[in-house]
Structure formats: structure tokens, C-alpha cells
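See structure below.
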């Protein structure tokens, strides 16, 4: 990478200190549950129907009270990793894309992922509070709708921003990867490409190069963690 490329990568980089906000939200949720343990009902609503009426309950325990905090930590770690992959240059973009545009593209995607992590952490903290402290379930329904709307709006804003940067398919290296897409363009498989992540052929975002063994390790790890969390919860019960 050239000196200019290093400078652009540094500009795209999201400071690790930004994630202290998410960590503080998770910590506050855990501390609140510990301090108000005696006020938490003995039976907790752990599932809601389409109208947000509780339809499944669980006895109060460490696993049922703090399960959402585990999910928060998992999602935060996953999205932090994704943001780092995008911003520090582990994603192969088109060779014709100027370094300045690469930096802007990476920074925009990094900001989107950061905002997504903040939204999800805040959302699960609100849902946890609804479960534990008897907050109106209508609030959780509104929060869910707001979350969906904000994610859709964020994706739309990212698409518009990328287009305003003048970045097209050629800039993202689509022509360089022609013939390496399978399953209707949904999967990229090219053992000769050293890139672990590449821009999707359709839409925005990234996909893994499944021609690289490490991509399978990452995929299995992502799938294994939720199974592990569920297994621990069931074991504790």
C-alpha cells in the first residue's frame, strides 16, 4: 500500500474508543439487573407473538436475565470485526478505484456498521428492560418498527452516498471477478484471489471469498457461537 493509501486507511478507520458507548450501554444493563434483582419477576416473558403479546415464559435465572447481554456482546464483536475488515483494507476493491475514493467508500461502510452496532445494542437493552422491569410491551413494538425503519433508511443513505462518490461496478472490481460467481451471483469462489472479502455482485455490502479456507472457518465460527450460547442457557437451566 502506498503512503497515500495508508493515509486513506487511517481516515477510514473507526476509533476503538467509539465502541465504549456500546460497552457502556451493555454494562449499564447488566448493573441495573444486578442491583434490581429482587424486583425482577419470578417468571419472565421470553417470547412475543406478532402482536407483541407474551406467549412464552421462563423462570428467573442468571441465564434468562442476562441472555440478551450475551447476544449484545456477540453482535458487537461480530460487527466490530466486520467494521475493521472494511476500514483497514482487508477488502479487495477494484484496481482502478483511486485511493481517495477507496478511503471514502471504506469510511462510509464503516460508519454504517458502527451505527448498526449501536442501534442493535440499544434495542436489545430496551427489550431486556421490557422483560425485566414491566415496561409496556407497546414500547418494544415501537422500538422494533423504529429499528427496521432506521436500518432501511441507513442502507438507502449508504447507497445514495456511494453513488454520489461516483463509484460504480467497475470501481469495485466487478469486471475483474467475472466468471468467479456461482449460485446466481450470490457466492464468490476464487482460490486464486488472495482477498478474503469482496464487494457483493448485487446490492451493497461484502461477501466472503469461499475459495479461501479461512472464510469457511469464519462462517463456522459465526454459526457456532449462537449454538454455543443456546447450549449454555439450556445447560444452566
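Glycine is no exception: its Cβ is also placed from the backbone N, Cα and C atoms.
For reference, TrEMBL has these:
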{"type": "DOMAIN", "residues": "25-72", "note": "domain 'DUF1648'"}
{"type": "DOMAIN", "residues": "191-216", "note": "domain 'DUF5808'"}
{"type": "TRANSMEM", "residues": "12-37", "note": "transmembrane segment"}
{"type": "TRANSMEM", "residues": "66-91", "note": "transmembrane segment"}
{"type": "TRANSMEM", "residues": "111-133", "note": "transmembrane segment"}
{"type": "TRANSMEM", "residues": "139-160", "note": "transmembrane segment"}
{"type": "TRANSMEM", "residues": "214-236", "note": "transmembrane segment"}
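Beyond the ends of the transmembrane segment (111-133), by six or more residues, the same chain brings 14, 18-19, 21-22, 25-26, 28-29, 32-33, 36, 39-41, 44-46, 65, 68-69, 71-72, 75-76, 79-80, 82-83, 86, 139-140, 143-144, 147, 150-151, 154-155, 158 to within a C-beta distance below 8 angstroms of the stretch. Applying DSSP to the domain 'DUF1648' (25-72) sorts its residues as follows: 25 helix, 12 strand, 11 coil.
Under 8 Å from some Cβ of the transmembrane segment (66-91) lie the Cβ atoms of residues 1, 5, 9, 12-14, 19, 22-23, 25-26, 29-30, 33, 106-107, 109-110, 113-114, 116-117, 120-121, 124-125, 127-128, 131, 195-199, 206, 222, 225-226, 229, 233, all in the same chain and six or more residues away from its ends.
Counting only same-chain residues 6+ beyond the ends of the transmembrane segment (12-37), those with a CB under 8 A from a CB of the stretch are 65-66, 68-69, 72-73, 76, 80, 83, 86-88, 103-104, 106-107, 110-111, 114, 117-118, 121-122, 125, 128-129, 132-133. Averaged over the domain 'DUF5808' (191-216), the predicted model has a pLDDT of 73.
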